[in-house]
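K.L.:
Here it is, the structure in full.
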Amino acid sequence: MARTHRCRPVPTILQLEALECGAAALGMVLAHYGRWVPLVELRRLCGVSRDGSRASNMVKAARELGLEAEGYRLPAEELRTVRKPAIVFVNANHYVVLEAFGRLVRVSDPAGGRITYTRREFEEIYSGIALTFRPTPGFARAGRAPRTLRPLLGRLKGVRAIYLLLVAAGLSLTIPTIVVPAFTRTFIDQYVVDKQADFVPWIIAAMAVVVLFQACLTRIQHWGQLTLRNAIAIGIATDFMWRALRMPVGFFAQRSPATIGARADLAERTAEQASGPLAGLAVAALSALVFLGLMTLYNPLLALLVAGIALVSAALSVVSRRKVEEVERKIALDALKLGSTTMQGLSLLETIKAGGSEERFLETWTGQQALVVNGQQRLGRLMGLSAALTESIGGLGSAAVLAVGGYLVMGGQLTLGLLMAFLILQAAFFAPVRQILGSTVALGRGRAMLDQLEDIEAPALAPEFSPAAETPEQRAGALGRVRKLRGAIAMRDVTFGYARLSRPLIEGLSLSIAPGSAVAVVGASGSGKSTLGRLISGLHEPWSGAVALDGQPILSLPRPLVRNSMAVIDQDIALFKGTIRDNIALWDASVPEERLVRAAKDAAIHDEILKRPAGYDDPVEEDGRNFSGGQRQRLEIARALVTDPSILVLDEATSALDPVTEKIISDNIRRRGCTILVIAHRLSTVRDCDEILVMDKGAIVQRGTYESLMAIDGPYRDLVRTSEDARAP
């Protein structure tokens, strides 16, 4: 290992979820050596799963990308000698990039940006594992750092006419600014100095026209900015929800609903941050060039002096902007976590109160609130310092221009009117310059917010939503020929897991289920029962092998046909604020009343609905708070049955029901004649199924009817015996 105490700071790449700190840390190391890899790709290469990523997987990913990578168990004092940047494990649950190790330790944290610790502070959090990296001869630089303008400009699609109108209005507003100095020069040189008063009324009238013209253009500009902001906000929010509804289930396994909801709220704020600067940037740049050209015509020496002042201000702004953007990204992440925690706390309020955890939750919430407030204060100090320096340079520059200009006036090389006109142009020139410098900060803020939104834009859509999955003609043709599948299910040599670099949960599994049959899947927790149900329903895509419905691979079937033929009910009940009718039909006004009633009757909830004041139009509170647990579960069952599915997957769907109600619903569903897959933990619910599959460690280890399985000593009888022992007093 080379003796390097420090390296230059690595580019900052912030994690979007706690599980991907390892992928983000590896991304920073790769970027340090000139290879920029999207976080979504690193997430895949590092095998990020519901449990995060392993150090061994990160080493494999680094080697695949051309780095020589090794992992070590090292005491803290030996980190001085490792090649940097290195990745170290801290707090037994987090990866950071080590940049410098000496009296002070500098790390780049994917969760919070660059942090400097004392040696003692670092040793308290260091967990003893370090990963080192070195480019191999085959390492190739590739990719580029994320651009600020390109993704923001991409949001202008569909609103370019408004954008061009804003640019035209902004450029037109430079006309009064150009005319006023000319009027001022004429007024001073001809009227004040030479006492020529004949044309004064004309100057005043012309300036009044200019002011009126300016007011009209300003009104148009304000209208355009508001329209542009709203259009961008609607576009971002719509795109976000469109993609969210088409993401694979694995995407949501690594992200909490509260986090996704908090990201959806970013649309308005992103539009507000981006619309103004985007509209004004082109205008400001062109205006600054026009004003600089006019100043050059007035006096090249003074124009050169002003340009030099502007360059110094721009250099300071660029230096400060990098730090500001880093702080902005950290604030955006902290604010997202705070919003997520707030939403989770409000949704779990009863649980928090029942457990007496109010103080603990408040401590967590206030800690995250403090991070946001501290970040905003830090940002305010940075921006205040930057503004003070810029204003100081601008003031000193104005004084210098006035001094040099006064010297030229006294020497007869410049008239007083021309100097006054030049000073007006100088002020007009610095206005767009300041706007450009301010816009870069605002655009950086908008870019930080877009980073959060791009978490849902970068991953691939679920295979069933792939553009190549089906054509409109196939979709229309399929629906025209067949409204429902018959219900035959087959799995051929299916292998699947939740982390590509780990051992699969299900490997080489095959089975077939005849149409109209009822099959139960039982097994211990973690045996793969629910995963099997998700594979059959198309919510997960197998790594290899195929899932077929009616003899056709599920991905080759038109999506409307599959979703029109299949319903899934799990133990996670989701009811929304609305009416009972909306919750059962999912806002589908075309569902006939008789089908709605039949579904409710088969779910044994119809009579209880009719007892309510408004019947099916009675309100449902958020999460169904005005219904009991059993009623909520039966409404969920009715929602699945209202589509009259030919395949029904029940994943512990009756856990809140008493045995009598459960038997009634089971008999009602069997009379429908659909194929039923019952995933059960309570073995008493599966006795009447046509076949029972027993799973263990992702494999089917036993299958048969209840009587045949109980007749032999095997896994099923062991499960029944264990279940009976657990119920015994």
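Glycine is treated like the rest: Cβ placed from N, Cα and C.
Unlike curated entries, TrEMBL annotations are predicted automatically.
Sharing the feature lines straight out of TrEMBL:
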| type | residues | note |
| --- | --- | --- |
| DOMAIN | 15-133 | domain 'Peptidase C39' |
| TRANSMEM | 161-179 | transmembrane segment |
| DOMAIN | 164-445 | domain 'ABC transmembrane type-1' |
| TRANSMEM | 199-220 | transmembrane segment |
| TRANSMEM | 278-295 | transmembrane segment |
| TRANSMEM | 301-320 | transmembrane segment |
| TRANSMEM | 388-410 | transmembrane segment |
| TRANSMEM | 416-437 | transmembrane segment |
| DOMAIN | 489-722 | domain 'ABC transporter' |
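Describe each of these features in terms of where it is and what it packs against.
P.N.:
For the domain 'Peptidase C39' (15-133), the model gives a mean pLDDT of 88.
Tertiary proximity for the transmembrane segment (278-295) is limited to same-chain residues at least six positions away from its ends with a CB under 8 Å from its CB atoms, namely 152-153, 156, 163, 166-167, 170-171, 173-174, 177-178, 181, 224-225, 228, 302-303, 306-307, 310, 422, 425-426, 428-429, 432-433, 435-436, 439, 443.
Long-range contacts of the transmembrane segment (301-320) within the same chain: residues 288, 292, 295, 382-383, 385-386, 389-390, 393-394, 396-397, 400-401, 404-405, 408, 422, 426, 429-430, 433, 437, 440-441, each at least 6 residues beyond the stretch ends and with a Cβ under 8 Å from a Cβ of the stretch.
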K.L.:
What else in the chain is close to the transmembrane segment (161-179), if you only count residues 6 or more beyond its ends and a Cβ gap under 8 Å?
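P.N.:
Cβ under 8 Å, 6 or more out: 206, 210-211, 213-214, 217-218, 220-221, 224-225, 227-228, 231, 278-280, 282-284, 286-287, 290-291, 294, 428.
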